[in-house]
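> What follows is a single structure, and I will ask about it in a moment.
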Amino acid sequence: MTELLTSAQMRAVEMAAIEAGSVTGLALMEKAGQGVVGAVFKRYPHLAEGDHVCQVLCGPGNNGGDGYVIARLLAARGWAVHVFALAPAKTPDAKHNAERWAQGSAPLTVAGLTAAPAPDLTVDAVFGTGLTRGPGEDLVTALRCAYDRSALIVAVDAPSGFCLDSGRWLGGADGCVAADMTVTFESPKVGHYLAQGPEACGQLETVDLGLSAWRAARSASAAASENVRLLDPDRDAARLRAHFTKGQGHKYSHGHVLVLAGGMGRTGAARLAARAALRVGAGAVTLAAPGSAMMECANQVTAVMLRRCDSGADLEALVGAGKISTLVIGPGLGLEDRHAGLVRAALATGLRCVLDADALTLIARHPELRAALHADCILTPHMGEFARLWPDLAQRLTDGGEALTGPAFSKIDATRAAAASAGCTVLLKGPDTVIAEPNGHANVHAALYDHTAPWLATAGAGDVLAGFIAGGMAQSTRDAAWCAAAAAWLHVEAARAFGPGLIAEDLPEIVPNVLRKLFGVSSS
Ligand SMILES: NC(=O)C1=CN([C@@H]2O[C@H](COP(=O)(O)OP(=O)(O)OC[C@H]3O[C@@H](n4cnc5c(N)ncnc54)[C@H](OP(=O)(O)O)[C@@H]3O)[C@@H](O)[C@H]2O)[C@@H](O)CC1
Ligand SMILES: [K+]
């Protein structure tokens, strides 16, 4: 997995390297500036030829210092470079580079920007990891003007006003500025992958500053609950292969998933989850449906087994009789008291249990169900369900007041708090899916940047995800959070493999293609 850093963690890595004498701040700043210029030329090769017009917006801190380095490097190539400074450079390294920039600067104002020639490139180096609060109104207006006037915007570390700890824009209610490319240093930051991050940052490039040993030392010495990891399909390929490998053995040695279905006319969601669990490798899957829905289910399932289950007592008997290893409850279940009774019975089995959809709403409504959650449960809410379960946490995620004074409250903070209060793993869905465990371990699976899967916004896709998680969990005593992460990966890859026109039924059916590709097996 790729490590995502908070702003404070990045500062700690930089300080540790500097204090140990292995590098100077000035050397890092020069490398950062060179890295930005290199990344721009790599992505926009037409800019590497000839001379162009550039505006560089500089803040008072080291983000601004990077801007002065970039201005110098572009001017040395013959570019016409205009620097606009929010305030004089304050830090020693930024001051040094501001002094080396001999051509002077104009104040960062709308009047100043519009008086200068329209640029081919604007570099936003006002604030990066040092943003402590929302930018003032005048600055937001000037930033918007600069962003609107330029053919191309490259942000250094982040579009200014954007919180790298949460992915939230701190610059007030009216949207946020959006760069074409953002160049960050050493490691992506948490905010690049959350909330408005991808929309604000455009394309994301990470420049290596040579601090990997310091980065590794920091993460090794930090409490695991402080570290956030991003599932990286390339780096994690071996682990994913191990997860989806089916070893020798009979069907029950690959686990038996039991999916509870709702009543007549509502069984589609559970059937989707059941088929997904089977496709992902569970040895056997049983659909447990009420009497009223038996015919409906019988007409629609083949490899999935079918059993009648009208009550908590029936569920208890089914679990007692079979070799059930994992339960899925919630998709299409219903919200009546008898459904709450089924959730109660499911939790009382103590089995590994994926709770989704209606089960989440029932837990929100019935405190005794919440109290019965145990460490082998996974809750898989979307944001609406999350808000039903944890209205206070959801409120903090949307609270404009808190975001303006930020390091803003993030989706990771919210999911960690939810997992701690539930005492089990929580997967909070979205293009920025966050998976957190009660001990604070957190990872992100992002269908973002060059890895989007917009087709996943389709009815029933969440039910399939529940089945993918359960199918993985059923096969062993695998770590629940990893099962959730691997399922989130498969879910996105399946959607991407199918592409436009995807409906939820297609997701389990395309799984063999995705897994063949993962295992490097030709499909012919
Ligand atoms: N870490 C690394 O390895 C490397 C880091 N590098 C670079 O350093 C950057 C971090 O630099 P940094 O720490 O100096 O913070 P930065 O983002 O320039 O902002 C701080 C200044 O902004 C001010 N300020 C903040 N919010 C404000 C607001 N709303 N409105 C007005 N002012 C506000 C704040 O003022 P204060 O809060 O103190 O009043 C302070 O003066 C990082 O993003 C990267 O580009 C690379 O050079 C090399 C390797
Ligand atoms: K910036």
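Even glycines carry a Cβ here, placed using N, Cα and C.
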> Which of these, Asp463, Asp479, Asp506, does TrEMBL say binds (6S)-NADPHX at the same site as Asn62, Asn63, Gly64, Gly65, Asp66, Asp157, Ala269, Gly332, His382?
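Of Asp463, Asp479, Asp506, Asp463 joins Asn62, Asn63, Gly64, Gly65, Asp66, Asp157, Ala269, Gly332, His382 in the (6S)-NADPHX site that TrEMBL records.
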> According to TrEMBL, Lys429, Gly430, Pro431, Asp432, Thr433 bind AMP; identify which of Gly462, Gly467, Gly471 is listed for that same site.
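Record check against TrEMBL: AMP site with Lys429, Gly430, Pro431, Asp432, Thr433, extra candidate from Gly462, Gly467, Gly471 is Gly462.
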> Using only what TrEMBL says about K(+) binding by Asn63, Ser160, identify which of Asp93, Asp124, Asp138 is listed for that site too.
Asp124
> Check the binding-site residues Asp66, Ala269, Pro431 for any whose Cβ is under 6 angstroms from an atom of ligand 1, and report them in sequence order.
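Asp66, by Cβ distance under 6 Å.
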> Please report the number of other Cβ atoms within 10 Å of the Cβ of Lys429 (AMP binding site).
23
> Sequence gap of 6 or more, Cβ distance under 8 Å: name the residues on the same chain that satisfy this around Gly462 (AMP binding site), in order along the sequence.
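In sequence order, the residues whose Cβ lies under 8 Å from that of Gly462 (AMP binding site) (at least 6 apart) are Pro331, Asp356, Ala357, Thr380, His382, Lys429.
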> Could you tally the C-beta atoms, other than its own, that fall within 10 angstroms of the C-beta of Asn63 (K(+) binding site)?
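I count 27 other Cβ atoms within 10 Å of it.
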> Across all chains shown, how many C-beta atoms besides its own are within 10 angstroms of the C-beta of Gly430 (AMP binding site)?
17
> By CA distance, which of the binding-site residues (Gly430, Pro431, Asp432, Thr433) lies nearest to Asp66 ((6S)-NADPHX binding site)?
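Minimum Cα distance from Asp66 ((6S)-NADPHX binding site) across Gly430, Pro431, Asp432, Thr433 lands on Asp432.
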> Taking ligand 2 as the reference, state which of the binding-site residues Asn63, Asp124, Ser160, Ala269, Lys429, Asp432 have a Cβ closer than 6 Å to one of its atoms.
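The ones that qualify, in sequence order, are Asn63, Asp124, Ser160.
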> Fewest other C-beta atoms within 10 angstroms of its own C-beta: which of the binding-site residues Gly64, Pro431 fits that?
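If we count Cβ atoms within 10 Å for the binding-site residues Gly64, Pro431, the smallest count is at Pro431.
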